[in-house]
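Enquirer: Quick one: the structure is below, and I'll ask about it shortly.
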Amino acid sequence: MQCYMHDSAYHETPKGSCLESVKIAIDTGYRHIDGAFVYFNEHEVGQAIREKIAEGRIKREDIFYCGKLWNTCHPPELVRPTLEKTLKILQLDYVDLYIIELPMAFKPGDALYPKDENGKFIYHETDLCATWEAMEACKDAGLAKSIGVSNFNRRQLEMILNKPGLKHKPVSNQVECHPYFTQPKLLEFCRQHDIVIVGYSPLGTSRDETWVNVSSPPLLKDPVLNAIGKKYNKTAAQVALRFSIQRGVVVIPKSFNPQRIRENFQIFDFSLTDEEMKEIAALNKNVRYVELLMWRDHPEYPFSDEY
């Protein structure tokens, strides 16, 4: 389950809605919670987890919490203090997974989206391998059980994997992945290196033109997904999630709607045939919804490469 909302950058969730959503999700059976400092709701997520532990509903070790290192915190000396700040907000002793949210460094400081007087983003030159070494130190210190990356392309992953003296390789790479953007080459590369693909926007995404490429139609209106859904008495969303899971992709659907939170979980009582899997895979358009074009001039912008 993801507890956040996107904006042209990221957008704060309405106060309290995240707390309630996480509690409903935990009661439903979700155990993987995907968060980030820049979602501004980690205090609510932490509170929900602690309340459910106090109720005796779960133990801390039942929950798999993923936190993220933001772009302004890439310099190695900032990595551990940033994670410690996240843990303080969550009021937890460790995160289960800590990932570099994007391979693009921004100027460090209080502004999450630093801009100059002309409104241009201020980037920062850092070495992803040095950032990774600081991530490894967080794992060694027990602050994160495992470490990974997000929105890294093959070249950027190889930079880490081939780093001299690598102690811990990334366990996961969180990227956009769904039937219209199936990422077959990146998926295969990650499989070869035992890196799990975690798919964000597994149901497509909102139609907000300020940050979404709306040239692709809405995923959940797709006739193939809906026809297969009818056969199993499932929604197009449930079929899309089932497709990803059967391909070995971890999904993190986002919802604040209690009914949909529950629906998104009801995908373990049916499976798609090989034929249906092929039919859905054929829907791939190789076009992203989330292109992050506002940062395409960044030297480490990840989406210029083929994969």
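For all residues, glycine too, the Cβ spot is worked out from N, Cα and C.
All TrEMBL annotations are machine predictions without curation.
According to TrEMBL, the protein carries these features:
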DOMAIN    11-284  domain 'NADP-dependent oxidoreductase'
ACT_SITE  Tyr39  active site, proton donor
SITE      Lys68  site 'Lowers pKa of active site Tyr'
BINDING   His124  substrate binding site
Enquirer: Tyr39 (active site, proton donor) to His124 (substrate binding site): how many Å between their Cα atoms?
Expert: 22
Enquirer: Would you pick out, from the recorded positions Tyr39, Lys68, His124, the residue whose Cβ has the largest number of other Cβ atoms within 10 Å?
Expert: Lys68
Enquirer: Compute the C-alpha separation of Lys68 (site 'Lowers pKa of active site Tyr') from His124 (substrate binding site), stating it in Å without decimals.
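Expert: Roughly 18 Å, rounded to the nearest whole number.
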